[in-house]
Amino acid sequence: MEVEEAFQAVGEMGIYQMYLCFLLAVLLQLYVATEAILIALVGATPSYHWDLAELLPNQSHGNQSAGEDQAFGDWLLTANGSEIHKHVHFSSSFTSIASEWFLIANRSYKVSAASSFFFSGVFVGVISFGQLSDRFGRKKVYLTGFALDILFAIANGFSPSYEFFAVTRFLVGMMNGGMSLVAFVLLNECVGTAYWALAGSIGGLFFAVGIAQYALLGYFIRSWRTLAILVNLQGTVVFLLSLFIPESPRWLYSQGRLSEAEEALYLIAKRNRKLKCTFSLTHPANRSCRETGSFLDLFRYRVLLGHTLILMFIWFVCSLVYYGLTLSAGDLGGSIYANLALSGLIEIPSYPLCIYLINQKWFGRKRTLSAFLCLGGLACLIVMFLPEKKDTGVFAVVNSHSLSLLGKLTISAAFNIVYIYTSELYPTVIRNVGLGTCSMFSRVGGIIAPFIPSLKYVQWSLPFIVFGATGLTSGLLSLLLPETLNSPLLETFSDLQVYSYRRLGEEALSLQALDPQQCVDKESSLGSESEEEEEFYDADEETQMIK
């Protein structure tokens with residue numbers, strides 16, 4: 001039997017898969033979220049003052065906001081460490097890299113730069129780890145990246161200088177982004193396809209909870225070095241537990257390592273208490289073994305090319321709008337810890353809604369993704385029609401702040417869906433490469449996002465126009481993708497040989513290779529059960545849709 005049939009025998013979501021969900025979608029995501037937003041508290045700037053009389057004895061007191069601030073910034077550039085320690089005093093009850101290395105005034109850009117280094121590392125990690133895990137296996141690459149992630153993260157807490165901190169943040173980003181991506185794929189490949197949406201949504205939900213958890217830890221641990229080190233205790237526990245999980249049976253199957261795939265499946269069956277389960281994996285005669293994918297394969301086949309270009313844009317927009325709305329919301333005032341917790345908790349309602357909608361036949365993955373993207377885009381576009389001053393009446397409720405919160409809720413939902421949707425659109429042999437490439441473009445959106453709020457100086461609603469236009473465009477483009485709800489999971493490129501789909505009323509398009517040498521037989525007559533569903537066919541016989 002094939003691997004999908006084997007999962008029906010061993011259990012698609014048994015006791016052991018529930019444990020894997022708890023490990024890789026709950027505990028791991030709590031840790032991943034902590035590292036991803038570490039700079040929010042570690043890089044926060046405490047309140048401070050300087051000895052104005054000593055620094056600027058001739059400065060007029062009446063020109064404080066303009067002249068004195070500029071003079072103080074100029075002085076920081078030339079003053080040595082001992083002078084800064086003598087004249088600058090932090091009054092807050094917590095420490096950070098800003099207070100330790102005086103990253104204030106003209107030096108404050110270094111805090112943002114450290115955050116950029118982290119996401120630059122994630123940019124590198126998501127694409128490189130995807131290819132490595134497709135070639136060497138999910139578990140090996142996941143564990144290696146996880147161990148290095150913890151090592152570099154602990155090194156953050158012992159940083160002797162800003163430069164060392166920035167370098168280790170880049171390395172943490174590379175390992176954190178890469179290993180979490182591989183863990184997501186590993187988890188999905190250990191459960192039945194019907195439960196992919198649930199597993200993915202749980203991960204997104206607990207990433208949001210992880211933000212609130214980090215705020216709580218920061219409230220009690222006010223030393224940035226202690227905080228940066230202690231948050232890795234949770235990661236260490238997850239790493240030790242991960243040593244005993246199996247390799248992905250789907251990856252082993254796609255590589256032709258049938259005996260090892262059977263061992264992994266029998267382990268799952270044993271932990272699911274299905275001791276009498278027996279099966280033997282076989283490959284169809286037409287399927288080549290040890291098939292591997294590369295980055296170029298995403299653009300070699302016409303179907304994969306179309307999917308990849310649309311998905312890259314959607315991932316880019318999700319990241320751009322998510323981080324852009326967060327930055328343009330402004331300072332809420334009050335406790336930094338309460339604000340950070342709220343920024344995570346506000347995302348939580350979107351996840352149960354996602355789990356419900358994407359599993360409904362009348363909505364599915366495609367329509368739900370499109371609806372959330374379009375709703376978020378429209379919410380942002382409405383801002384351009386609102387008055388800039390809105391203190392009374394209906395505008396006290398319907399304003400840029402409330403609409404941006406709605407936008408963040410919807411984009412959080414879309415981000416969760418696109419993760420699940422993307423993993424279902426690519427075959428196993430290239431799934432990590434596809435996810436890594438799309439995730440890479442989301443990091444580009446995250447890098448650009450901080451610059452969008454500054455457009456308010458041109459026109460106050462211009463940032464929302466950018467977010468709304470890109471969100472609405474990506475929502476419409478998502479309708480060009482096929483539905484994957486209850487569809488058989490693609491394993492290898494041969495599963496794409498006679499793969500067809502309908503696109504906006506056009507006739508079905510069979511797979512074609514851009515390279516003439518890669519062209520496959522296109523003479524099979526294809527059909528579709530409905531205009532709303534897509535079918536996957538094996539090269540020799542039709543594989544029925546899973547209802």
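Glycine residues also receive a Cβ, built from the backbone N, Cα and C atoms like all the rest.
Lifted from Swiss-Prot, the feature list:
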type     : residues : note
TRANSMEM : 22-42    : transmembrane segment
CARBOHYD : Asn58    : N-linked glycosylation site
CARBOHYD : Asn63    : N-linked glycosylation site
CARBOHYD : Asn80    : N-linked glycosylation site
CARBOHYD : Asn106   : N-linked glycosylation site
TRANSMEM : 111-131  : transmembrane segment
TRANSMEM : 141-161  : transmembrane segment
TRANSMEM : 165-187  : transmembrane segment
TRANSMEM : 201-221  : transmembrane segment
TRANSMEM : 226-246  : transmembrane segment
TRANSMEM : 303-323  : transmembrane segment
TRANSMEM : 338-358  : transmembrane segment
TRANSMEM : 368-388  : transmembrane segment
TRANSMEM : 401-420  : transmembrane segment
TRANSMEM : 433-453  : transmembrane segment
TRANSMEM : 462-482  : transmembrane segment
REGION   : 522-547  : region 'Disordered'
COMPBIAS : 529-547  : compositional bias 'Acidic residues'
Count of other CB atoms lying within 10 Å of the CB belonging to Asn106 (N-linked glycosylation site): 15
Distal contacts, the transmembrane segment (462-482) - CB-CB under 8 A, six or more residues away: 306-307, 310-311, 313-314, 317-318, 320-321, 324-325, 328, 366-367, 369-374, 376-384, 400, 403-404, 407, 411, 421, 425, 452-453, 455-456, 501, 503-504, 534
Chain residues in Cβ proximity to the transmembrane segment (165-187) (below 8 Å; excluding those fewer than six residues from its ends, i.e. six or more beyond): 20-21, 24-25, 28-29, 32, 35-36, 39, 97, 110, 113-115, 117-126, 128-130, 133, 138-139, 141-142, 144-146, 148-149, 152-153, 155-156, 159, 199-200, 203, 245, 248, 419, 423, 431-432, 435-436, 439, 443
Range from 111-131, 201-221, 368-388 with most C-beta pairs under 8 A to the transmembrane segment (338-358): 201-221
Feature contact check the transmembrane segment (201-221) with the transmembrane segment (22-42), CB under 8 Å, 3 or more pairs: yes
Non-local residues, at least 6 beyond the ends, that sit with Cβ under 8 Å of the transmembrane segment (111-131): 36, 38-39, 43, 45, 97-98, 103, 141, 145, 162, 165-167, 169-179, 181-182, 294-295, 432-437, 439-440, 443-444, 446-447, 450
The transmembrane segment (303-323) and the transmembrane segment (141-161) contact flag, 3+ Cβ pairs under 8 angstroms: no
Chain residues in Cβ proximity to the transmembrane segment (433-453) (below 8 Å; excluding those fewer than six residues from its ends, i.e. six or more beyond): 112, 116, 119-120, 122-123, 126-131, 134, 177-178, 181, 184-185, 293-295, 297-298, 304, 308, 311-324, 327-328, 418-419, 422-423, 425-426, 463, 466-467
Asn106 (N-linked glycosylation site) in three-state DSSP notation: helix
